[in-house]
Amino acid sequence: MLKATLRSFLAHKGRLLLSALAVILSVAFVAGSLIFSDTVSRTFDRLFASTAADVTVTPRETLDETVPSGQTLTLPASLADRLSQVQGVAAARAEVDVEGLTVADENRESVGPTTGAPTIGTAWNPTERSPVELTSGHAPQGDGQALIDADTADSKDVRVGDRLTVIGQEGSFPVEVVGIVTFTTTNPGAALVFFDTATAQTKLLGDPRGATGISVDAAEGVSDAELKRRVADALGSDAGSYELRTADEQAKSDVEQLGGFLDIIKYVMLGFAGVAVLVGVFLIVNTFSMLIAQRTRELGLLRALGADRRQVRRSVLTEALLLGLVGSTLGLAAGIGLAVGLIELMGLMGMNIRANEMVVGWVTPFTAYVVGLGVTFVAAYLPARRAAGVSPMAALADAEIAEIGRPLRLRAVAGSVVGAAGAAALVGCAVSSKTSSAASLLGLGVLLTLVATVIAGPLLVRPVIRVLGGAFPALFGSVGRMSQRNALRNPRRTGATAAALMVGLALVGGMSVASASMTKSFDEQIDKTLGADFVVQNSNFVPFPKEVTERIEGTEGVGLVVRSQFVTIAVRMPDGDRVKTTAAGYEPELDEVAHITYAQGDTAAALAAGNLAMDKDFAEDHGVRVGDTLPVEFQGDRRAELRVGALTDQESAEGFGAQGGIYFGLSTLEKYAPGGQDAAVYVNAASGTGDDDLRAGLEKTLDPYPQVQVRDIADYKDLVHDQIAVLLYLVYALLGLAIIIAVLGVVNTLALSVVERTREIGLLRAIGLARRQLRRMIRLESVVIAVFGAVLGLALGLVWGVCTQQVLALQGMTALAIPWGTMIAVVIGSAVVGVVAALLPALRASRMNVLAAIAHE
Amino acid sequence: MSNAAAEHAPNPASADGIAARARGLTKAYGSGETTVLALDSVDVDIARGRFTAVMGPSGSGKSTLMHCLAGLDNVSAGQVWLGDTEITGLRERELTRLRRDRIGFMFQSFNLIPTLNAAENITLPMDIAGKKPDEKWLDQVIDTLGLRDRLKHRPSQLSGGQQQRVACARALASRPELIFADEPTGNLDSRAGLEVLGFLREAVDQLGQTVVMVTHDPGAAAHSDLVLFLGDGRIVDEMERPTAEAVLERMRLFAGGDPQTPGFDVVRGRSDGSGPPPGAIPTTGNPSPEEP
């Protein structure tokens, strides 16, 4: 039996090729993402472990910042001297390390990374643990000298002797590049600038006695943990305001900080893998179903010769496992290639990881084989059971595919039950008023309706394709009629083939509705709330130094300037919840630049000293009323009691890590969180100054600050659109993969159908069907299958999108927009996909030998 | 085999009563030592308006002969004409058009497109050509074959005999110059087979069609006007107005002895080679050696 299985596997290897490709793609994405993330985290583990001091002392951060406030926490540099006296300490150094700088070249262009990675300013204290070494020039001495890392220097063409402007939170200052440092370890992608310690302290921290941390080296024979204990003892009662970490802990914390970014890449990759697996399953199910249908006679013969059901089933499953084994092995190899590609891509983005240090943990091949074998096994199980059900009589009967006639009743029942449950979940999500429960209902509904559509797909083939292909006989005559009927011929097969395309397009449909709705909602909100002529802001909400604001105020034609800052706070609500969130502080003239709707109170009450305002619904949820006094905690353990002065009734109060839409007067913010930087400045023109003039003026005065942008309402909308577009691009990339696999599926189905219909095609050719007509017949069949999948997918996606919008509406995104243009483009695109998928099968059919096709056995 | 006919090959265009003609038709498979000659320099003329049967044992080349005459297969050597069109040397596209417009086909099995109903199958060649069928003729064909109440049925809803009748109707529908039937009764029970043969006979006698039928069933061959016997790629004999018994008898001789033995000639009652050569169409008035 095994021999027969092997023979059969080899005999059908051509037909299994496309299925194998689906397995390979799935496994490659899984393996690639695992290898990539393993390699990257190993690299960074090593980097951080090798560069961390034995013990690091930093100021304690009482609240993690979600939105940068511009504050840098400092500790006295003299602490280093104190700690160096501690028993077991070999040396202690004050470190200055400031993120979020902007460094501009002589053309006033930023030399920092374009990837969103930070530019870091550091005091030059080279030790054997430094990640860099000086490779040309000399160490910086005194004001106005700096080193820059070689990768940045290369990419931005900076040389020793060049003059740069460093824009830090305390202001900007000019430097001359006196040396280049080169990474001895992996460059994590940031741009590094080094100054002497005094410069870093005065210019970056604004505090000649400050430091951002102390590095402590252990004396011989003292372990890191022991050192940490001794340092903690030495700090005594002060220990509570510092964070002490051993080298291991420091490395772990550094990796965690980077982790977010790496996790995104990992999840994106796993998302691709998921789509590949999902769509691949359809392809494999279809292939095995067709192969078994074609081999009905052969299987019947095996049964007639005495093979029992179990043996037949096992034979088919063995074939599937062989496919899985081959697919997984090739997929693993492809995954390694993919990981290399990703690492190279990271290199282009400035993160130089060495591909030859690639880590392939045992988990990777294990997972690859589990996924590959699992997918094929699961996908082949049903066809295998069907194969086992072939009766010995089938060997004698005519082979014209017995399965066509099998009733779809079970599918109808299962499809409607699951579909009803999914619909109920979606309705529940649409009427739900709680974001969290609505979101989980949405997820459930999406899953169930997807499953229902896959199950019921074959039932929809007849009605939908009758309509879609309805014009074919009129347009293309008998060729059109035959292609339409061929698509209807085996609804199960057509359904499963189209399902692969449907899954991808349903995702696209849903996401495009959601994103169009988000875009429209944001537009409406911007129109409604933003009243300023211009907003001056950094990209990524990073604040900018005070001198930018001063420059704005000094610009000719500027009428009103309203500053705002962000701050991380924790509020103890009356119901006992401690809510950590980002709050905003505004200057009193807020009403001039924004339109805020209040449920109670007004802007004056909201911004008055010692007051705050929050969203009405948020307040209700937590039992807050106007006039209540709430304990508010700021960074560095500063505490305040603030009175609720007003409640807002805004459509969108949340987002970007902010919860509750809390804001107060800028003076209140500065009182409790001094040293913050302006995150956005709203500007109105003075009377008599046109917007264009003002913009020109602002852009001119802000020219030295490449990180700052001047935006009017339209620009602001564009910014939001761009951010949503990033999400869409990801979806389109997913779609691309889904479509590739779906095309493979259509090619597969058509190719096998062509083989199955050899005699029919021969007959058609004999009675005078031209090759061109034959090709057209297959092409039309392919198109109608693809469009069927697209229509089904888009319909499903539309429902998902509308429900998603209902969930988003709870977050204030109340506008619903359906991108009909995109939808129509997708349908047209799917027709093109159909044409492409038909190329090879049609060619093959038209090359078929007429005689071989009609000759009787 | 005599080449008498080939030597004074008439201008095909002038050969009025000839529907199809082959001269020196040779079809070889393989090459070198393994070459198999399926057809060995065959000369044949198919008379217009007659029912010709091609008989021979398995491997005698009878199907190959049909395929070559019908433009389904290319030839290794020789020439084939359909009417006055030489089809050897035509390109694939022209051959397809020729088959579509001028030839009708019936096969042993799998004659119909399963997705099309009977009426659609019947008009398929004309639909492919984008031509309007001649409704009057179509009605006549459908009524002759008794398919009127079966037109909306799919092939799977028809019996084997009905399916062959639909195939027959399709072959007749476009009034082709020549109908090729390849074992049209091979898959039918004897009653349905007789019915189909009766229709083919009727098509010739009443509708004036020309039919070439490949068969190995002497009973089927007996319905024809002329039987051509093929053996080892040559036409070894022919029989006018055959009966089943006579055909069977000849086949038996054929199977028993050397195909080149005079046994055939004995049956034909002619051995001098002065008469029309085997493979040539007997001219009208040429007395048949065997009167039924």
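For all residues, glycine too, the Cβ spot is worked out from N, Cα and C.
The annotation domain 'MacB-like periplasmic core' is assigned in TrEMBL to A:17-233 (among others).
For the domain 'ABC3 transporter permease C-terminal' (A:272-392), DSSP puts the residue distribution at 102 helix, 1 strand, 18 coil. What TrEMBL records for A:272-392 (among others) is domain 'ABC3 transporter permease C-terminal'.
Residues or ranges marked as domain 'MacB-like periplasmic core' by TrEMBL: A:494-699 (among others).
According to TrEMBL, the feature domain 'ABC3 transporter permease C-terminal' maps to A:734-850 (among others). When averaged over the domain 'ABC3 transporter permease C-terminal' (A:734-850), pLDDT in the model lands at 86.
What TrEMBL lists as transmembrane segment is A:267-293 (among others).
If you look up TrEMBL, you'll see A:320-343 (among others) marked as transmembrane segment.
Here the transmembrane segment (A:363-384) has Cβ contacts under 8 Å with residues 19, 23, 26-27, 30-31, 34-35, 38, 273, 277, 280-282, 284-285, 288-289, 291-292, 313, 316-317, 319-321, 323-325, 327-328, 331-332, 335 of the same chain, all six or more residues outside its ends. Feature annotation from TrEMBL assigns transmembrane segment to A:363-384 (among others).
Under the heading transmembrane segment, TrEMBL lists A:439-461 (among others).
Annotated transmembrane segment per TrEMBL: A:495-518 (among others), in sequence order. Counting only same-chain residues 6+ beyond the ends of the transmembrane segment (A:495-518), those with a CB under 8 A from a CB of the stretch are 275, 278-279, 282-283, 285-286, 289, 446, 450, 453-454, 457-461, 724, 727-728, 731-732, 734-735, 737-739, 741-742, 745-746, 748-749, 785-786, 788-790, 792-798, 800-802, 804-805, 808, 813, 815-819, 822-823, 826, 830, 833.
Residues annotated as transmembrane segment in TrEMBL: A:726-755 (among others).
Positions annotated as transmembrane segment by TrEMBL: A:780-800 (among others).
Residues or ranges marked as transmembrane segment in TrEMBL: A:820-840 (among others).
Against the transmembrane segment (A:726-755), stretch A:267-293 has more CB pairs under 8 A than any other of A:267-293, A:320-343, A:439-461, A:780-800, A:820-840.
With DSSP classes pooled into helix, strand and coil, the tally for the domain 'ABC3 transporter permease C-terminal' (A:734-850) is 101 helix, 0 strand, 16 coil. Cβ atoms under 8 Å from those of the transmembrane segment (A:439-461) belong to residues 282, 408, 411-412, 414-416, 418-419, 421-426, 428-429, 432, 487-488, 491-492, 494-496, 498-499, 502-503, 506, 510, 788, 792, 796, 799-800, 803-804, 807 of the same chain, restricted to positions at least 6 beyond its ends.
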